[in-house]
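Trainee: TrEMBL lists these features:
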COMPBIAS  1-12  compositional bias 'Low complexity'
REGION    1-48  region 'Disordered'
COMPBIAS  28-43  compositional bias 'Basic and acidic residues'
DOMAIN    45-76  domain 'H15'
Amino acid sequence: MSDIETTTEVPAAPAPVTPKKGKAAKKPAAEKKSPKPKAEKKVPTHPPASVLVVEAVTKLNEKGGSSLQAIKKSIA
């Protein structure tokens, strides 16, 4: 072998990247939009689905149980 030593130089670490001020920059508090007024909730005119399903199953009165298709048809 040879008496020549080989050295490898490690490159210096890159400089830290600073975030750019662009689209990601936040708007000042003064420019925020005012919240929209909340609309009143509409009350449904039909009973809840759980009540409809129970009524359909009792109405079908099948000994082996009611199929999903039969329950849907009864509700519709």
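Glycine is treated like the rest: Cβ placed from N, Cα and C.
Automatic, uncurated: that is what TrEMBL annotation is.
Could you tell me the structural context for the features on the list?
Mentor: Under DSSP, the residues of the domain 'H15' (45-76) split into helix, strand and coil as follows: 20 helix, 0 strand, 12 coil.
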Trainee: Restricting to the domain 'H15' (45-76), what is the model's mean pLDDT?
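Mentor: Reported value for the domain 'H15' (45-76) is a mean pLDDT of 90.
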Trainee: Would you kindly list the residues that approach the domain 'H15' (45-76) from elsewhere in its chain, counting only those six or more residues past its ends and only Cβ-Cβ distances under 8 Å?
Mentor: none
